[in-house]
Every structure is written in C-alpha cells, then in structure tokens.
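Here it is, the structure, as structure tokens.
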C-alpha cells in the first residue's frame, strides 16, 4: 500500500446502476485526478482500499468516478460516505509559494497589524471559494474567506499566514 496518504475528498453517493461513484474532491480542479492511477477509499476506522481508476467525468458540481471492482449500484452503495485518499508522492509539483490545502492545517494566522488570531484547523471548499476554519486561543471559531484580497502574506518556512479580514468579520465571530 502507498505510504503518506492524504485525505482529498469523499464519496457522496452511488450514481446510476453501473457502479459509478459521485465524489467531492478537495481540489480546485477535477483534473487533479489525472495524476493518479489508483484511488484509496476508507470507511470509518478500516484500512484504505486501493481501486484502479478507470475513468472520471464532471457531473453538475461533483465528479462521477468509475473504478475497477465496483461494478454495480449495490457495490457502490457500500462506499457511500467513504473518505478519498491519494499518495502524496504522486501529487503534481508546485511552484514556489504554492501550497496544497492539507499543508496549511496547523499554520498560525496573524492579523496585518501583527496580533495573533489563531491556528488553521480545517479548510473547506465551497464552490470555488476556500474557507479557512481558524481556532483562536480561547477556542472560538472564525470562518475566513481565503482570497487574494484578504491574504497579505504566506510564509511557508514559518507556517505563518498574515491576513486582513473583511471589515466586521472578526466582530461576528469573536464574542467577548
């Protein structure tokens, strides 16, 4: 089995009668799939299972995936809700200053005036929008729209992000 598997999505539901899986990927493009021969599906606390990718196609806001050995709806139904993993060593190379979303988990977030806001605990893709879930020192949650307009700097070697949130955003989340 591949080492260093990275969570990259989930199986939403079966599609049709021939075993297709309707999936959500935590990637900005479905073409991310073109880098991989195998996909790893994991249910609960079980070990991930490798499946050879046969084909994929965009469908509405998801991807329809066909893999070896899932040949009908009954078999596909067994994988509903499964987490999707890919081996990190097969990820496409990045340009300097680019990061995969999973790499940002644990980064410290500072406001542009220098004060510490919190740590990135999770990242969600909602449509084409990237939302950082930031946990403050006192355990409050801030949902931050991670766009170029609001990110001032990303310092990879220090795992540090400097942001200028939209006016009023912090007041919504940070209750005293």
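Don't overthink the numbers, they just go from 1 along the chain as shown.
Even glycines carry a Cβ here, placed using N, Cα and C.
From TrEMBL, here are the annotated features:
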type	residues	note
DOMAIN	8-89	domain 'RimM N-terminal'
DOMAIN	96-168	domain 'PRC-barrel'
For the domain 'RimM N-terminal' (8-89), what's the mean pLDDT in this predicted model?
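Reported value for the domain 'RimM N-terminal' (8-89) is a mean pLDDT of 94.
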For the domain 'RimM N-terminal' (8-89), give the DSSP counts of helix residues, strand residues and coil residues.
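In the domain 'RimM N-terminal' (8-89), the DSSP-based counts are 13 helix, 41 strand, 28 coil.
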Residue counts in helix (H, G, I), strand (E, B) and coil for the domain 'PRC-barrel' (96-168), per DSSP?
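Final tally across the stretch: 7 helix, 36 strand, 30 coil.
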